């Protein structure tokens with residue numbers, strides 16, 4: 001991208017960097033509270049691990065360590081840098097899905113209800129808690145307004161730790177295909193995963209949750225762009241058409257919705273820049289994971305590898321900033337926050353397992369319909385619980401977005417019915 005474009009974005013964003021929380025007019029306590037400063041500080045922390053690691057990987061590859069290496073560290077270095085390429089084609093086959101003996105229609109309906117309920121409960125609860133944690137205060141009394149939790153990176157760490165534990169236990173308890181990918185390749189998806197999650201949490205300080213949900217729905221556009229750039233993919237005409245409808249619907253919502261109590265042109269700009277960052281990083285994550293599935297790993301193995309590096313990045317960055325203990329002390333001061341953060345992490349981790357199971361049992365089309373309905377319900381709940389305003393034109397924009405999403409499901413289903421079904425592992429979905 002042209003460097004001048006980035007300069008314009010940064011310069012336009014600078015006036016809004018001090019705005020945040022419930023009072024956009026109030027200046028930040030210090031320049032270290034600016035979201036752009038925190039973002040750059042986080043990136044510097046991740047780079048302090050990733051750059052030396054990448055240089056070490058390139059050095060070992062140039063030195064042909066795979067042929068000359070010896071010693072106790074050799075198996076670890078081989079797994080991290082070179083991977084374990086299977087000797088025979090049979091070894092890379094994914095573990096077959098086992099069909100239950102009870103495959104009657106009533107049993108299928110029960111499984112569908114179970115999957116839909118699990119996805120709805122997990123992600124609706126996650127959405128409500130996310131907005132509560134990032135916009136509410138803790139410890140408020142009649143004489144004190146309480147404290148706001150501000151460290152989005154600490155919340156990302158909590159999510160990733162529990163997801164890592166859940167994925168690790170699943171891999172231990174259920175047989176997985178032989179792992180062949182070099183571990184270091186997960187680090188690229190982990191980095192973009194962490195940055196997208198940070199932008200997602202941070203954006204809630206500046207824009208409403210319904211705005212964020214619609215922004216996520218519109219990420220199909222940058223995903224297609226990244227697919228063109230990263231994977232050299234081609235797309236059908238209906239994909240471009242529905243992407244355009246989504247853009248129109250989101251624009252209708254953003255331009256017509258009433259102002260939020262804490263909003264201003266400055267805070268809105270900050271929120272939109274953060275949402276753009278979330279969409280860009282998340283699009284890269286999806287396409288990089290698609291490329292990694294060439295190693296024939298399972299989705300849970302992908303979940304484990306990405307979350308492993310995400311934990312390493314966030315722990316290292318928090319330690320460098322001295323923020324890890326401060327986040328723990330905030331949890332100690334406010335047990336309600338500790339409970340919310342734990343529930344948020346549980347919903348995120350088990351929601352991913354529901355995603356894998358639903359796609360495995362019913363396919364991506366059914367999963368997409370369930371999640372599209374979840375997004376619509378999430379907007380409704382957020383408006384009811386937190387008092388967000390939506391105008392008639394804004395409501396029509398929401399309807400256009402979800403209509404376009406359902407049209408994509410219908411068109412994709414018609415296209416796939418004309419082809420022979422080929423089982424593929426879905427990319428890891430994250431929140």
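Glycine residues also receive a Cβ, built from the backbone N, Cα and C atoms like all the rest.
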Need the matching range: Swiss-Prot marks transmembrane segment on one of 69-89, 132-152, 153-173, and I'd like to know which.
153-173
Do you know which of 324-344, 387-407 Swiss-Prot annotates as transmembrane segment?
387-407
Same-chain residues at least 6 beyond the ends of the transmembrane segment (299-319) with CB under 8 Å of its CB atoms are 41-42, 45-46, 48-50, 153-154, 156-157, 160-161, 163-164, 167-168, 170-171, 174, 176-177, 179, 181, 183, 186-187, 189-191, 193-194, 289, 292-293, 327, 352-353, 356, 425-428
I need to check the long-range neighbours of the transmembrane segment (353-373): which residues 6 or more away from its ends have a CB within less than 8 Å of a CB in the stretch?
97, 111-112, 115-116, 118-120, 122-123, 166, 170, 299-300, 402, 405-406, 408-409, 412-413, 416, 426, 429
